[in-house]
Amino acid sequence: MSISFDLTIDDTRDQLARHARASLEAKPSLIGMSREEMAAALIAAGVPERQVKMRISQLWHWLYVRGVSDFADMRNISKDLRAMLAQHFTIARPEVVEEQISQDGTRKWLFRFPPRGAGRPVEIESVYIPEEGRGTLCISSQVGCTLTCSFCHTGTQKLVRNLTSEEILAQLLTARDRLGDFPDKDTPDGAMVPAEGRKITNIVMMGMGEPLYNFEEVKKALLIASDGDGPSLSKRRITLSTSGVVPEIYRTGDEIGVMLAISLHAVRDELRDILVPINKKYPLAELIKACREYPGLSNAKRITFEYVMLKDINDSLDDAKLLVKLLQGIPAKINLIPFNPWPGTNYQCSDWEQIEKFADYVNAAGYASPIRTPRGRDILAACGQLKSESERLRKSERLALEAMMIAGHGE
């Protein structure tokens with residue numbers, strides 16, 4: 001659902017009012033519902049209770065295995081039931097506003113989701129990173145972010161709202177559409193994807209937002225993504241990255257059970273307070289304690305610690321020594337991330353020689369410490385560069401949106 005803004009405010013007031021009312025009365029999506037929620041929704045829509053289990057099984061297969069986005073394509077469901085489902089529910093994909101392809105094959109999509117309640121349409125970014133033998137989709141959990149990490153582009157955008165489980169899963173489903181990763185779908189000509197098997201083999205909750213500040217919706221989405229009768233992604237291939245929301249780290253291990261990544265970036269509280277301000281609430285001692293107690297932690301299920309390399313800020317050998325000491329005894333991998341510049345930042349990337357010295361010290365201490373190859377820099381798709389276009393709407397679009405909401409509330 002989208003709006004054309006190439007109209008004057010006076011001429012479009014009635015259209016905008018109708019759109020606002022339609023937004024408030026939008027049909028619920030079946031995507032992102034748990035089986036229990038779907039059962040309740042189907043019964044409320046008139047599906048006989050004795051049929052519900054079978055219908056959920058059919059819908060689950062069509063939505064998550066076959067990847068259909070129109071009830072009409074569900075061929076083993078009667079025409080009458082398909083019509084009833086279409087009357088009460090939607091399974092539509094978000095609007096793909098823009099798709100950018102980097103020189104290295106990385107793809108970035110700008111997705112637009114319809115309003116929620118009295119809100120306005122929102123936009124988020126997702127990134128696909130092809131590698132030898134696998135393809136990773138970086139998914140967003142919020143529109144904007146509250147954490148204000150000083151080196152992160154997304155952190156400069158205010159939080160608009162949390163994404164729903166539907167919107168989180170829609171990023172995966174739409175990316176699979178675009179890559180031809182569903183049966184009977186074609187891969188775009190020239191697309192860089194794994195030669196065999198799935199195009200999307202891994203997902204990482206490392207896009208816009210702090211996933212653990214949207215715990216319930218993220219949990220619901222990831223449990224569906226790992227469902228053996230649905231997308232069927234192994235929990236070993238799903239990584240949730242957090243800046244350190246300590247109480248929910250424990251819940252993540254107990255209730256979701258996916259791989260954990262920590263946006264660390266500093267080994268001294270006084271510096272991390274600046275780089276990652278949530279450290280003031282959950283300092284390093286509390287964060288590391290939660291990591292040591294993460295359920296299932298082992299050499300086969302290591303925690304990934306992300307460490308952005310900032311010139312003359314956190315890249316000294318003393319920092320490397322403190323890092324090794326801090327993580328002692330934790331099965332871990334340390335991703336060293338060359339800082340990815342973005343417009344307006346005051347930080348610089350560490351010199352490559354210094355990054356290698358840092359990596360050599362950490363590696364010699366027994367920790368895998370790969371230097372992450374920057375991907376998608378030319379399309380602002382690299383780590384720390386994501387930022388939706390929602391804050392960059394043209395003035396005319398903002399005015400039209402405001403008029404739409406005013407008109408809707410004035411009826």
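Just so it is clear, glycine is given a Cβ too, placed from its N, Cα and C backbone atoms.
Since this is a predicted model, take the numbers as computed values, not measurements.
As annotated by Swiss-Prot, active site, proton acceptor applies to Glu125.
The domain 'Radical SAM core' annotation in Swiss-Prot covers 131-380 and rests on sequence analysis.
If you look up Swiss-Prot, you'll see Cys138-Cys383 marked as disulfide bond.
Packing around Cys145 ([4Fe-4S] cluster binding site) is summarised by its Cβ count: 25 other Cβ atoms lie within 10 angstroms of its Cβ, all protein chains included. Annotated [4Fe-4S] cluster binding site per Swiss-Prot: Cys145, Cys149, Cys152, in sequence order, evidence recorded as sequence analysis.
Around Leu264 (S-adenosyl-L-methionine binding site), the same-chain residues six or more apart in sequence whose CB sits under 8 Å from its CB are Arg272, Val276, Phe305, Glu306, Tyr307, Leu323, listed in sequence order. If you look up Swiss-Prot, you'll see Gly209, Glu210, Ser241, Ser263, Leu264, His265, Asn340 marked as S-adenosyl-L-methionine binding site, on the strength of sequence analysis.
Summarising the annotation, Swiss-Prot assigns active site, S-methylcysteine intermediate to Cys383 and lists sequence analysis as the type of evidence.
Comparing Cys152 ([4Fe-4S] cluster binding site) with Ser263 (S-adenosyl-L-methionine binding site), their Cα atoms are 11 Å apart once rounded. Reported as a whole number, the C-alpha separation between Ser263 (S-adenosyl-L-methionine binding site) and Cys138 (disulfide bond) equals 15 Å. Taking the Cα of Cys138 (disulfide bond) as the reference point, the closest of the binding-site residues Cys145, Glu210, Ser241, His265 is Ser241. Taking every protein chain shown into account, Ser241, Ser263 are the binding-site residues, and of these the Cβ with the most other Cβ atoms within 10 Å belongs to Ser263.
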